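Here's the structure, in structure tokens; my notes come after.
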Amino acid sequence: MEVKAVDTGSNSLLDGTLPPRLGRPHGSSPSVIVVGGGISGVAAARFLQNASFKVLLLESRDRIGGRIHTDYSFGCPVDMGASWLHGVCNENPLAPLIRCLGLTMYRTSGDDSVLYDHDLESCMLFDMDGHQVPQNTVAEVGEAFKKILSETEKVRNEHSHDLSVLQAISVVLDRHPELRQEGISHEVLQWYICRMEAWFAADADTISLKTWDQEQVLTGGHGLMVQGYYPVIEALSKDIDIRLNHRVNRITNGYNKVMVTVEDGRNFVADAAIITVPVGVLKANLIEFKPELPEWKLSALADLGVGNENKIALRFDNVFWPNVELLGIVAPTSYACGYFLNLHKATGHRVLVYMAAGRLAYDVEKLSDSDAADFAMRQLMKMFPNAPAPVQYLVSRWGTDRDSLGCYSYDLVGKPMDVYDRLRAPLGNLFFGGEAVCMDDHQGSVHGAYSAGIIAAEDCCRHLIKRLGSLEMVQLVSSREEILKAAVPLQISRM
Ligand SMILES: Cc1cc2nc3c(=O)[nH]c(=O)nc-3n(C[C@H](O)[C@H](O)[C@H](O)COP(=O)(O)OP(=O)(O)OC[C@H]3O[C@@H](n4cnc5c(N)ncnc54)[C@H](O)[C@@H]3O)c2cc1C
């Protein structure tokens, strides 16, 4: 092991150095390094700090929040990563904190299914020539889509092996010609598939038929965070020792200690570590583990899909579009369909956000920012030929950003049942958090990532108490209650 410097100060175990003897002074709190400062990492760190552990959080970027990224450069909050609370209900683990912070949400749908995070009455669809699709066509094709999906259940039951959702849809359409759509209705059907792909951030030919509808969606519908998601991160991270611009590239899992090495060669040592970096980062082997991760962990990483979604946010001087939540373009393929989220309706700010998922999201990342904004404008001008140029734009690049390498996890076709158990299983003094390892099928969400961080911290606490014996200094608290107590009801609106 390389030792760069010696510091026996009170926080020495965490401070980029190794003390001369790797012992824990009698009565001192155990130390934990949290790798990654997204919601999972800050939740884990908050829990441990509340429980009187010494905590250090190492974050590679120059900001915390990870895939929660509220940008303020438009003069108003624009979430370029997560923006909805999926499940506006008291069971949502984030509800107490959101209530306490007095944050408001705008409910875009009361539906609990994974498909409809926007109510259809607030969508306006247009064809490629700029003609509005009649609402009754949108509703009728919506009903046909529901029937097609329910028929795919039979296809699922007939096959012992998994298929993709797209394969199953094509089997159903072969069997039920009456469900096939022609002309504009076919294009609307493609738009529904495009919306489904947006939920998984993946193309329908890669989504698992076996599991796509097995997700446990919380009740209460989907609420857009009107003030943006960042206040949640800010509140959780208060008073935590966070080191920004600390990109971890090696983790050495010793018998008693964990040593975490950052890009410039500095080492940080603690009794345990919680790893919350995105699955995309682990899949790409950007962090070297010593000893190497076992085969069962590596295969779990390989077996899990990571999707991609990007946003192109456009700010305008004037509002020239109708007062609906979603403006969609229908087309002959789901790839060519698209939609804009109208932030003006939910927040009052003159911003439209184009959302691209799956292959299209990767293709957007091949463009420069200005070309991506031009691409979004061409889509918008199909609906509004006289649309003026935006005064500002923002483009996300979650797929190629080396600190995310994808937007969130999803189930690939043929995913083994125990993938998530293997992903979250600890290895000695190493614990795993992050959206992909969360329990109860809430992968890919903010509240799932939050819970995964808390569970990893709880497991880490139990492990250290067992390993290090009596810990009179450690006051274990149930951070779920302690983090912030519920005071006022969730504030939800619909304009
Ligand atoms: C475009 C988009 C839209 C989304 N929409 C929603 C939504 O509306 N609602 C919802 O619930 N969820 C949504 N999600 C998903 C949600 O954002 C994530 O599930 C959640 O934020 C993940 O949190 P996390 O802490 O697990 O990971 P992250 O937030 O990615 O945190 C991991 C942290 O690790 C850091 N890191 C990476 N590599 C290293 C390294 N080598 N060393 C140190 N640090 C490192 C990263 O910089 C990052 O800060 C969306 C995601 C995206 C990208």
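Even glycines carry a Cβ here, placed using N, Cα and C.
Counting only residues at least six positions away in the same chain, the Cβ atoms of V35, L58, S60, V260, T261, V262, E263, V277, I287 sit under 8 Å from the Cβ of V248 (FAD binding site). Per TrEMBL, the feature FAD binding site maps to S40, V248.
Positions annotated as substrate binding site by TrEMBL: Y354. The number of other CB atoms found within 10 A of the CB of Y354 (substrate binding site), across every protein chain shown, is 25. In the three-state DSSP scheme, Y354 (substrate binding site) falls into the strand class.
Per TrEMBL, the feature domain 'Amine oxidase' maps to 39-460.
What TrEMBL lists as region 'Disordered' is 1-25.
Counting Cβ atoms from all protein chains shown, S40 (FAD binding site) has 35 others lying within 10 Å of its own Cβ. Candidate binding-site residues: S40, V248, Y354. Those with a Cβ under 6 Å from ligand 1, in sequence order, are S40, V248. The two recorded residues Y354 (substrate binding site) and S40 (FAD binding site) have their Cα atoms spaced 27 Å from each other.
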